[in-house]
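Here's the structure, in structure tokens; my notes come after.
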Amino acid sequence: MNVQIFILLLIISWLTPKITSLPPESQVLDRSSFPDDFVFGTAISAFQSEGATSEGGKSPTIWDYFSHTFPERTNMQNADVAVDFYHRYKDDIKLIEELNVDAFRFSISWARLIPSGKVKDGVNKEGVQFYKALIDELIANGIQPSVTLYHWDHPQALEDEYGGFLNPQIIEDFRNFARVCFENFGDKVKMWTTINEPYVISVAGYDTGIKAVGRCSKWVNSRCQAGDSAIEPYIVSHHLLLSHAAAVQEFRNCNKTLQDGKIGIVISPWWLEPYDSTSSADKEAVERGLPLELEWHLNPVIYGDYPETMKKHVGNRLPAFTPEQSKMLINSSDFIGVNYYSIHFTAHLPHIDHTRPRFRTDHHFEKKLINRSNHETGPGDDRGKIHSHPEGLRRVLNYIKDKYNNPIVYVKENGIDHYDDGTKSRETILKDTFRISYHQDHLKQVHKAIIEDGCDVRGYYVWSLFDNFEWEHGYNSRFGMYYVDFKNNLQRYPKDSVNWFKKFLSRPVVRSEETEDEKVCNVSRKEEKINKALDVSEGFKTSVDSIVNLIKNGSRIEEEDDEEERDFCAFKNHNDQLGFFLKLQNSLGF
């Protein structure tokens, strides 16, 4: 027994440096590190990818109008063709399948389904058929469709008729659009998103005017033809929230949707840190800013009202919900979708021009990419506009958990861009090691949020499947895992991140049967395996044959059954070695 103890201690002393030298968590995470039902996916949106803007009965959207009427505001580019997903979706689905993802998130073009925006004017059968074919093709390839109803592209006809989301009429039109979607696709789609990023729609479209519909106060942005940055962002968000609630009502009342189907809203928070970490004023600015990033659109869909800090700072410019509207909003999201990219530093604004109120200054702070110590929010330089700050995602997830009693959360977008002004070679852009690092680091934070913090996170979607039309940046901002050659027939090329994700998401091959030869595992083969495993240590002076013979002839060790022998013979790495020797320890009675 003393000899056996000595041998065991010798083995453990040899294994200890091997165990402590294992790679860090970010390098060893893979699909199996996450819960079994965790969903991995990728995403696109209709306007950014489909193209075929005048085909199949589709009418112009607000982005068609914006990019054609004000081309200087979209980098002199438009999405008339985009990446031609409308015609190439079958080939693109093969690319999705090769990634080993579980789900694919896409949006339905309201203008393709109901060209006038109003159901009374008719539903476009070609549009219905396109999305049915897309959904069927995804399912046939083992990919779950995840559908977004509104990704910023309502029909221009509604803008011309009554001002789009500035007018409450749009709530019923959106309700009807949603019902058409549920009736036609609800029997095959389990996961639905109502509104994608209401914050961006409201602020970029109506406070800064940099995105469609391009409205703002003239003194904010001289390119804006009309608008009021003091009130329109709040009005638009109000109607977006009520449109969300109306769609959820239709979803829950529709007998054609799957019983286990889920519907929710998707927000786009940037985590905030103080510009000056020693300044109490900047810390208080963060406390005012986070409710805008997170609570502005979550409080209503969970509690039925806006956060108190917004009521305090915006006053009567913030619309109020009626009791009936509040009731409709409460618990109207089965899950919370989070699109996360990075963080901002937040500085207190001590002086505000009260004669020129606007959303960006109502809460007395401004956002910055560099803090007082001249540190950026994360790695980025001239590579692109997104800086990597993965810890912010974990903080966002914990904020939601703590504030809203740990609801179900899906990370619906996470990604990083590569700026391309046309001078970079394809080969340069294909080597996107920064993107691999970005996703490794963010997945590590998601994993920590689940395992260490107890956040109920159920999925992670990469933005985006391929390079596409990136709104005001045109085609210069490349977020895709697949490179699209916009100069040569839109050919797709996998970036290095594609191969990384394939490996990360690969599943072990399960073999249903073993041959008789594979079941036979004799003593000599055991000795060979152990010899290979242990001989990697030059300092291991003890004869492996002696250890094996001692173990083999030990009075207290019984012959293992076939399954245990297969396990014994199969170990190939240090983790397997450790498992074997722990078995040995138990068998010796220690």
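Even glycines carry a Cβ here, placed using N, Cα and C.
Keep in mind the model is a prediction, meaning the values are calculated, not measured.
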Problem set entry | Of the candidates Cys181, Cys224, the one sharing a disulfide with Cys216 in Swiss-Prot | Cys224
For this session: Look at the beta-D-glucoside binding annotation in Swiss-Prot, where Gln48, His151, Asn196, Glu197, Tyr341, Glu413, Trp463, Glu470, Trp471 are given, and name the residue from Phe40, Phe479 listed for that site too.
Result: Phe479
Exercise. Hey, how far is Cys216 (disulfide bond) from Asn371 (N-linked glycosylation site), Cα to Cα, in Å?
Worked result: 28
For this session: Would you measure the largest Cα separation among Gln48, His151, Asn196, Glu197, Tyr341, Glu413, Trp463, Glu470, Trp471, Phe479 for the beta-D-glucoside site and round it to whole Å?
Result: 18
Exercise. Which state, by DSSP, holds Trp471 (beta-D-glucoside binding site): helix, strand or coil?
Worked result: helix
Seminar exercise, completed: Whole-Å Cα distance, Cys224 (disulfide bond) to Asn371 (N-linked glycosylation site), is 30
Problem set entry | Candidate nearest Tyr341 (beta-D-glucoside binding site) in space, where candidates are the recorded positions Glu197, Asn255, Asn331, Glu413 and distance is Cα-Cα | Glu413
